[in-house]
Structures are given as structure tokens and as C-alpha cells.
Amino acid sequence: MEQTFIMIKPDGVQRGLVGQIICRFEQKGFTLKGLKLITVDRPFAEQHYQDLSAKPFFSGLVDYIISGPVVAMIWEGKNVVLTGRKIIGATNPAASEPGTIRGDFAIDIGRNIIHGSDSVESANKECALWFPDGPVNWQSSLHSWIYE
Ligand code: RTP
């Protein structure tokens with residue numbers, strides 16, 4: 001089953017949105033396979049965002065991500081990478097639809113409260129980077145009530 005990496009950024013944690021964000025993924029039917037509250041250092045944040053290292057906003061983005069604890073998660077489910085991105089909404093909250101996490105809770109692109117992997121390939125890389133010991137191996141008893 002597909003997995004994705006989701007991170008509640010420092011602003012989401014500071015604003016007390018952790019519960020509401022987790023709730024949206026749970027309500028959809030996805031399964032939580034990894035969860036930790038962690039403050040990362042600059043080299044780790046630079047590694048996570050290495051594909052964006054040439055962007056003008058890169059150092060501000062890294063400052064933002066290391067500014068406080070983040071909630072790192074692995075979520076599992078059918079099409080969870082793409083559906084997770086839809087639940088999160090567009091990168092710029094100004095363009096995010098109401099009903100999405102960024103559309104409901106954020107205003108500025110540089111304070112958009114959550115990250116979600118943008119492809120299965122990035123998801124696998126990011127899950128391995130943040131959870132080197134792998135996901136928690138458990139099977140939800142709801143499986144047959146969610147999938148036909
Ligand atoms: P994320 O990686 O955080 O899920 O966001 P994303 O795929 O939707 O967007 P991406 O292009 O990968 O950008 C990563 C994060 O960088 C910040 N950003 N700032 N100032 C700017 O123009 C700008 N553009 C992007 C955002 O926090 C974005 O989520």
C-alpha cells in the first residue's frame with residue numbers, strides 16, 4: 001500500500017493545529033504509520049529541501065523549518081500521495097480552495113503550515129530520511145470497511 005510523508009511545519013504546531021490536521025487524514029480513512037515531534041537542524045532541513053536549493057527562498061524556507069518543532073508523519077492508503085496533496089491544498093494558501101488545510105488555516109506561502117510529498121518517489125525518499133527505522137508495522141481493523 002502507498003505511503004506518503006506529511007510534516008506539520010513549526011507554524012502549524014505553534015498555532016495548535018496538530019489535532020485538526022491529523023483528524024482530516026484519519027477521517028479520510030488513511031492509516032497513521034509513523035509519528036514524531038522533532039526539531040531538526042539546518043543540515044537536515046537542507047537535505048529534506050535539497051531539490052529547492054537553487055531557489056531564492058531556500059534559506060528563508062530552511063530558517064522557517066528549523067524555527068521550532070515539527071510533527072513528522074507517515075500516512076498510508078490507496079493514492080495517499082496525490083490525495084494527501086489535495087487535502088493539503090495548493091502551495092500558496094491564496095490559491096488553496098476552502099476545505100483544504102492551507103485554504104482553511106493559512107494566508108502566506110512562507111507560513112503554509114504543512115508539507116506533503118509530491119510524488120511516490122519523493123515520498124519513499126522522505127519517509128526513509130525522516131524515519132530511518134521504517135514505519136510502525138500495524139494493520140488497522142477498519143481496512144475491510146474502507147477498501148472494497
Ligand atoms: P511542500 O514541499 O512544503 O509540501 O510545498 P510544495 O511542494 O507545495 O511547494 P514547493 O515548491 O516544494 O516549496 C516548498 C515550500 O517552500 C515555500 N515556498 N516559498 N516564497 C516563495 O515563493 C515560496 N515558494 C515556496 C513554501 O513553504 C513551500 O511549501
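The backbone N, Cα and C atoms fix where each Cβ goes, glycine too.
Those TrEMBL annotations? Automatic predictions, nothing curated.
Annotated features in TrEMBL:
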DOMAIN    1-138  domain 'Nucleoside diphosphate kinase-like'
BINDING   LYS9, PHE57, ARG85, THR91, ARG102, ASN112  ATP binding site
ACT_SITE  HIS115  active site, pros-phosphohistidine intermediate
What does the structure give for the C-alpha distance between LYS9 (ATP binding site) and the residue listed as 'active site, pros-phosphohistidine intermediate'? Integer Å is fine. 7
Listed recorded positions with Cβ under 6 Å from ligand 1, out of LYS9, PHE57, ARG85, ARG102, ASN112, HIS115: PHE57, ASN112, HIS115
Within the same chain, the residues at least 6 apart in sequence whose Cβ is under 8 angstroms from that of ASN112 (ATP binding site) are LYS9, THR91, ASN92, PRO93, ARG102, ALA106
Mind looking up the mean pLDDT for the domain 'Nucleoside diphosphate kinase-like' (1-138) in the predicted model? 98
Which number gives the other C-beta atoms within 10 angstroms of the C-beta of ARG85 (ATP binding site), all protein chains shown included? 18
Provide the three-state DSSP residue tally for the domain 'Nucleoside diphosphate kinase-like' (1-138): helix first, then strand, then coil. 65 helix, 26 strand, 47 coil
